[in-house]
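Chemist: Take this structure, written in structure tokens, and hold onto it; I'll ask about it next.
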């Protein structure tokens, strides 16, 4: 009889809370029907998809790699945590190297290469927000000193030279004095990015011998196209992904209210029926065995991923372990289902398993990696580091 009374009170509590939910279904409150997909779930599988496999080309070297390493260290700490004061302005940056280059016959003191950059606009979850070309405006070689610039083969393309010390109005850029950067966002977005299939950005890299060197015959011998120019593409989350994160935060607020309401119902039921076999933490063992977060570190070398992940070297995913007590603590933010499941296990049917200790909140992680085609990618992956635990 006491058990039936407890369950009856709990069911009435659920009904009352659902009525409160209906009243809250007004502007300013996220609809629970839209909260099915939680975008903060761990994305380690998304990271694994980036693995280039054995067909990966040679490990990048030289200035492009140094550029991306400096960009990474400005945007993330040594553990891969995105810095709060980062100025990169994007969740993902891809360094694209030329897929082909053609040396043109010299015209007087001018020496020209054409560089082709492949563009794949299949980033469904991301939108292109910025595109720049970084190139060497000075070439100091043995017996040669050249001044260089780039031109696009895109009609009516507007470009904007960026100061060597900046990458935008107030964003520092990891550039040396011999390199400069131009903004070609308009060219890419308006002329090339929305085309079906693959597009190619073609640039002319033009260098002029300085006075006094014209008599010597200049050749591009020993210089790769990546030594003179590369393309940077900046991406951000689409509106749908941002909206999904806002909805997820609203879901957490609702879950906290639900858990608090149901836990009060449990205590009220037990106080009314004092002779009932109420759930108690006294039988749940040591407090040290309760569900909690445990630190853990692993290197990408141990995972076999160090041949394509440049930085960081270590990964601290953490893990959740412990007993989900019969009365779930409020601080665990357990959902209604876990609270009811725990009560059913204790009071009604022991064959129903108790909730499991699993991660609840996650932190993102910034990773610098090499793609199959040799491009270098900086990307912030959501849900990589467990920050807290819950019972579900």
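Cβ atoms are placed via backbone N, Cα and C, with glycine included.
So Swiss-Prot lists the following for this protein:
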SIGNAL    1-25  signal peptide
CARBOHYD  85  N-linked glycosylation site
CARBOHYD  213  N-linked glycosylation site
CARBOHYD  236  N-linked glycosylation site
DISULFID  291-357  disulfide bond
DISULFID  320-389  disulfide bond
DISULFID  324-391  disulfide bond
CARBOHYD  349  N-linked glycosylation site
CARBOHYD  373  N-linked glycosylation site
Chemist: Secondary structure at residue 391 (disulfide bond) (DSSP, helix/strand/coil)?
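Modeler: For residue 391 (disulfide bond) - judged by DSSP and reduced to three states - the answer is strand.
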Chemist: Output the one of 291, 320 that, of all these disulfide-bonded residues, has the highest number of other Cβ atoms within 10 Å of its Cβ.
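Modeler: Checking each of 291, 320, the winner is 291.
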Chemist: Here's one to test understanding: among the recorded positions 85, 349, 373, 389, whose C-alpha is closest in space to the C-alpha of residue 357 (disulfide bond)?
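Modeler: Comparing Cα positions, the candidate nearest residue 357 (disulfide bond) turns out to be 389.
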Chemist: Do me a favour and check the Cα-Cα span between residue 291 (disulfide bond) and residue 324 (disulfide bond); whole Å is fine.
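Modeler: Here the two Cα atoms lie 6 Å apart.
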Chemist: So of 349, 373, which of the glycosylation sites has the fewest other Cβ atoms within 10 Å around its own Cβ?
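Modeler: Comparing Cβ neighbours within 10 Å for the glycosylation sites 349, 373, 349 has the fewest.
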Chemist: Within 10 Å of the Cβ of residue 389 (disulfide bond), how many other Cβ atoms are there?
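Modeler: I get 25 for this one.
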Chemist: Using Cα coordinates, what distance in whole Å links residue 389 (disulfide bond) and residue 324 (disulfide bond)?
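Modeler: Checking the Cα atoms of residue 389 (disulfide bond) and residue 324 (disulfide bond) gives a distance of 11 Å.
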Chemist: Name the residue among the disulfide-bonded residues 324, 357, 391 whose Cβ has the smallest number of other Cβ atoms within 10 Å.
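Modeler: Least crowded of the disulfide-bonded residues 324, 357, 391, by Cβ count within 10 Å, is 357.
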Chemist: Please work out the number of neighbouring Cβ atoms within 10 Å of the Cβ of residue 236 (N-linked glycosylation site), leaving out its own Cβ.
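Modeler: By my count, 16.
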Chemist: For a quick check of packing: other C-beta atoms within 10 Å of the C-beta of residue 85 (N-linked glycosylation site), how many?
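Modeler: A 10 Å sphere around the Cβ of residue 85 (N-linked glycosylation site) contains 6 other Cβ atoms.
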Chemist: Need the DSSP three-state call for residue 349 (N-linked glycosylation site) to compare against my parser.
Modeler: coil
Chemist: How big is the gap, in Å, between the Cα of residue 320 (disulfide bond) and that of residue 373 (N-linked glycosylation site), rounded to a whole number?
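Modeler: Pair distance, Cα basis, whole Å: 37 Å.
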Chemist: Nearest to residue 391 (disulfide bond) by Cα, among 85, 236, 349, 373 (glycosylation sites)?
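Modeler: Considering only the listed glycosylation sites, the nearest one is 349.
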